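*Asks:* Sharing the feature lines straight out of TrEMBL:
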DOMAIN    9-133  domain 'Heparan-alpha-glucosaminide N-acetyltransferase catalytic'
TRANSMEM  12-33  transmembrane segment
TRANSMEM  53-70  transmembrane segment
TRANSMEM  90-111  transmembrane segment
TRANSMEM  117-137  transmembrane segment
TRANSMEM  149-167  transmembrane segment
TRANSMEM  179-196  transmembrane segment
TRANSMEM  203-222  transmembrane segment
TRANSMEM  261-282  transmembrane segment
TRANSMEM  294-312  transmembrane segment
TRANSMEM  324-343  transmembrane segment
TRANSMEM  355-373  transmembrane segment
TRANSMEM  408-428  transmembrane segment
Amino acid sequence: MTKQPTHSRLLSLDIFRGIAIAGMILVNNPGSWSTVYAPLLHAPWHGWTPTDWVFPFFLFAVGMAVPLALGKRLQSPKVAILRKIGTRTLLIFGLGLLLAAFPHFKLIASTPPAYRALHYVLLAAFLLALFVRGAALGQKPPRPKAARLSLYAVGLTGAGIALIALLYADFSTLRIPGVLQRIALVYACCALLFLYTGWRVQAAAAIAILLGYWALMTLVPLPDGTPPNLEPGTNLAAWLDRFVLGESHLWSQSKTWDPEGVLSTLPAIATGILGMLAARWMQLQQNPQKRFQGWLGAGLALILLGWLWGLAFPINKPLWTSSYVLHSGGVALTVLSLAYWLADLKGYQAWGRPFYIYGANALFVFVLSGLVAKLSYTLQVGSGAGAPTVKQWVYETGFTSWLSPYNASLGFALLNVAFFWALAYLLYKRKVYIRV
């Protein structure tokens, strides 16, 4: 490892965020879902694998970013801060819905070709305007005028897309919950908590959420008389998903419940609050060694508490159980503390540079990876009914022809990680940082 001078900004925060994004791309893009090494799959129900840490890591990072970003704005008028929170929440949530509908956007077969073409032109303009706005906000110093003008373009093109969708799209099966939608809601709740409360109230809110969720899931019978249970599709969270959203708007792999559903978003907010508290500790504790010890000690304690609570309320990622919040939050704090010790305390930074580059444009890279993946499932190489999709062609030509099934699937996932890292590197080299 190369030892370098300590950076004024904590590199470990971006490294941690980059680890989360690299992990998300790795586990979301296997060559084949039927040949995936077990650690790269979610636990079937109760229990955990390393893959089950990836999403809570990102929510933890979202929570950490709230006091670091909004803390610098507390002298601004509250209305301006609330406007920023609302805009960011709506944009992230909207991107989640866009990703769910992409690439065909549920346009019905009878959509006039001219309107279909206009729809895709508007979509390209919408994404370009978002990119320009994000780049303007990420510049040092930011360019608020360019960001404001591009936000108007986002609104106009988005309105055009919405109008065509209202006329010619069938959203009866559009999935409403999702990863980005949950990120948006967790961000909004954490930001409002930070704006109006102190760390003690935030900690109390997290405890109340986790205890309340435990009580709801284990003590409250379903309205149809089904006793409290934690089984797939028959628990209170699944019932609420169906009641609020309807089966046709849930995860296509289950239809009776959603892993990013309504009720389980409450404990996900607690994951974000843990990140906020970790950031608050960083701000209060100026002694680097004590900061590291506090993070590491809290992380190990949370892992132990999560295991103990899991004996009564099992660790479960789809339900986002309270024990899962403590377990995954503890692992997140432990990983963060080790990254901090290596990169910021000891100055060993070369190992984390690839993750730092990912973390510099984390949300942008994640959204782009989702759009590219969906296009690769749709676009064909060649013509005719039997023509392979881009993904099939790359996977079969580049991997299955010479690797074992499991290694081919892993190789394709690693290709995705490398490809999006290369794009992130190009942005990083040009000092382009995309903010939402």
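Glycine is treated like the rest: Cβ placed from N, Cα and C.
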*Asks:* Determine the mean pLDDT over the domain 'Heparan-alpha-glucosaminide N-acetyltransferase catalytic' (9-133), rounding to the nearest whole number.
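*Replies:* Value for the domain 'Heparan-alpha-glucosaminide N-acetyltransferase catalytic' (9-133), mean pLDDT as a whole number: 91.
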*Asks:* Is the transmembrane segment (408-428) close to the transmembrane segment (324-343), in the sense of at least 3 CB pairs under 8 angstroms with a sequence gap of 6 or more?
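*Replies:* No; fewer than 3 Cβ pairs under 8 Å.
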*Asks:* DSSP on the domain 'Heparan-alpha-glucosaminide N-acetyltransferase catalytic' (9-133): how many residues come out helix, how many strand, how many coil?
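*Replies:* Taking each residue of the domain 'Heparan-alpha-glucosaminide N-acetyltransferase catalytic' (9-133) in turn, the totals are 90 helix, 2 strand, 33 coil.
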